[in-house]
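Over in TrEMBL, the protein carries these features:
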BINDING   T133, G156, D178, N225  S-adenosyl-L-methionine binding site
Amino acid sequence: MTLIASLPVATEELAGALVEALGASEELDFPTAATTEQPDKSWVVDIYFEEQPDEATLARLVRDVMGDATPPILVAPLPDEDWVAKSLEGLKPVRAGRFMVHGSHDRSKVQPDDVAIEIEAGEAFGTGHHGTTAGCLAEIDRLCSAREFGSILDLGTGTGVLAIAIAKAFGKRVLATDIDPVATRVTHENAVLNGVGALIDAETAEGFGNPVFAAHAPFDLIIANILAGPLIALAGDIVRHLAPDGVVVLSGLLTAQGPAVIAAYEAEGLRLERSGEMEGWLTLTLSR
Ligand SMILES: C[S@@+](CC[C@H](N)C(=O)[O-])C[C@H]1O[C@@H](n2cnc3c(N)ncnc32)[C@H](O)[C@@H]1O
């Protein structure tokens, strides 16, 4: 049975930050969350669960984002209706660089110049609505337009959105890995749906703990949209698997976490080339 918690939120920014934080939460198994604007211009964040969540953890995660504005949280069974279709109504297409990420309900909105990526909101993270995904898409467009990359890794691929973007726009092969087998299955399905199944190798792996990395390394481009903690923990492995003139794009970190993540990669011999911010989330580009 699907459960729902509906939280009133004052602003679009806060609603977005809450969706991002919850969507990135391993503790709650990356719940699906959707925002809807109300007639009075306030927002509601609906969080969906397939099993009863740990309510103390949920309350803590919400409080981390909303502080004293945290409303009472009630997790209740969802009324019997097509909630996926309903929640998708609020998911408008997202544009970043030349990419447009959309659900099947918005196919008609694709413009001739768009590189369209069709992704349904569902079991894995990455519909383009998160500032980290959009930041990575914009940086992918910029980097891959300026330079040829041979071997490419999308670490923490979620829905596969970033790997699909690279394969569709630049015809490149991408190794797409995720700790979550559901994400790698969804990535494979999305790659086929988007016509780039042959270009994407989706593998389940925690960090670099899979022989598939040795077969593809060194990488000319590594993109990792995970979270600050894992990004710091993986700094050594990421840099060891990078080609001498390779580029790393990191996202999933809040602005305040930037200095710690940059320091971890500087300690491995990289330097910051570029830093972009979207909705309070940073996307960092580093090289040797
Ligand atoms: C924030 S989502 C990013 C999804 C997608 N790449 C995007 O940009 O929208 C992070 C993903 O990283 C995965 N992940 C977390 N820790 C990981 C690790 N140590 N190794 C590989 N994947 C990991 C999660 O399962 C999740 O699918």
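Keep in mind that glycine also has a Cβ here, set from the backbone N, Cα and C atoms.
TrEMBL feature annotations superimposed on the structure.
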{"residue": "T133", "record": "S-adenosyl-L-methionine binding site", "CB count, 10 Å": "31"}
{"residue": "G156", "record": "S-adenosyl-L-methionine binding site", "CB count, 10 Å": "24"}
{"residue": "D178", "record": "S-adenosyl-L-methionine binding site", "CB count, 10 Å": "27"}
{"residue": "N225", "record": "S-adenosyl-L-methionine binding site", "CB count, 10 Å": "27"}
Shell list (S-adenosyl-L-methionine; ref centroid = CB of T133, G156, D178, N225; cutoff 8 A): F125, G126, T132, C136, D154, L155, T157, G158, V161, L162, I223, A224, I226, S251, G252
DSSP-derived structure type at T133 (S-adenosyl-L-methionine binding site), helix or strand or else coil: helix
